[in-house]
Amino acid sequence: MAVQLKWPIIGVVIPCVLIAMVAYGSHYFVFRTNLSRTEQILYEVYVCIVWLSYYLAIVVDPGSPPKNFTPKAGEWRRWCKKCQNYKPERSHHCKTCNKCVLKMDHHCPWTYNCVGHNNLPHFLRFVFFLIVGMTYVLFQLGKQVLHYYDSSKLPSYLIDKKEMCAVIFLLPVTFFVFVSIIILFVRCMINLLFRGMTQIEVWEMERIGSQFHTERLWLQIRKNYFKLHGKEMPHLVSWNRTTRYYEVDENSNNDNSNENNIVPKDFTSDDIVFPYDLGVSSNMINACDYPWMWLLPWGGPRENGYHFQKNEFMEDDQLGLPWPPDGGHQEPMAPVDDDFDISDSELQDMPSLRRRLDPRNNMTRSEWMNDLGETLDDFGVDLDAEDIEHDDLVSKDEISNN
């Protein structure tokens, strides 16, 4: 995800070379003499399908907000300084494509395109078709390796040297590409199916989880709550008593019921509701259409990319704020004195101590990185286009007054 190329066109050239080398090299040197004519024709038809899916992943636009887009009540009013337009929920400005992208997942250097609302199905189909094709090639090359092993006692002149050299070269190359694609596909599908998130939203959730115990995060959330609901944030209570038991310091001298605490003591990061997770089936259908359309080139998302269906848990969400709840920015805090005492109780609770000492606690959204070292910049987000100082919530009172 963090790959950035000096010449972006190389990002398309490299996959084309690898696909052509594996697909046609395997056919010319190995399959031509080991598969029937029908099998070879079907194989080449499938290779054409892979090329078509890759072409669509490159050329299909991910989608951009309409001109003069107006956010609804309860949504973030986020202005793009470069597009001179408001951004819908889940949208970001891509620094490479130089435009706002609907439901931006990431900018993919290997397709020279953003993966977003409209072309995510094409991207997933390309990766899926590539995995199936690579699996078949690996299977056939593996059969040849077994054949060479069984023929190891035969005279060497009975073995096709060109074919053997091709197998020795193509097998590790194909395996390397296969493993790389599998990792990417599994990561995308886990986030899409089981969490309903884009790669950027997963990063945002990790950021909020990392800074969940900090006052600067909760000062901003309290400010946002008052802006949207017109009242102070109530006392928050966790739905997961087991998680709360382990996350809250048992030896804390603070009263958990004290609402004057800036950071809620009875609330955990698991209690933050991600509004767009509708369940495995609905997540896949909304992103890629019904199952019988998943492998077809015209299968696409069922939503418009401007407004998204929220899950039923939003009715029980104690914060009642749009995603992300801090709006992507937080209240500034005074510099923390590095020379502080650590109590015995803190030494006994190492996870809490590590969170407290994590240097990412006081990082801004543009600086923060996850455990893999990824920042928003690595996903292609143009932070210079964001007008954080003027981002605001659209309250119901504003809509009614207008």
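These residue numbers are counts, starting from 1, taken along the chain as shown.
Heads up, the Cβ atoms here are built off N, Cα and C, so glycines get one too.
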Using the annotation in Swiss-Prot, determine whether Gln4 and Asn118 are placed on a common side of the membrane.
yes
Please indicate, using numbers and ranges, the residues of the same chain that are 6 or more beyond the transmembrane segment (166-186) and have a C-beta under 8 Å from a C-beta there.
18, 21-22, 25-26, 29-30, 124, 127-128, 130-131, 134-135, 137-138, 141-142, 144-145, 148
Counting only residues 6 or more past its boundaries, what in the same chain has a CB within less than 8 Å of a CB in the transmembrane segment (40-60)?
12, 15, 19, 23-24, 27, 31-32, 108, 111-113, 118-119, 122-123, 125-126, 129-130, 132-133, 136, 297
With Cβ-Cβ distances below 8 Å as the criterion, list the same-chain residues six or more beyond the ends of the topological domain 'Lumenal' (30-39) that contact it, or say none.
140-141, 143-144, 160, 163, 166-167, 170
For the domain 'DHHC' (78-128), jot down how many residues DSSP puts in helix, in strand and in coil.
9 helix, 18 strand, 24 coil
Residues in the topological domain 'Lumenal' (30-39) grouped by DSSP into helix, strand and remaining coil:
8 helix, 0 strand, 2 coil
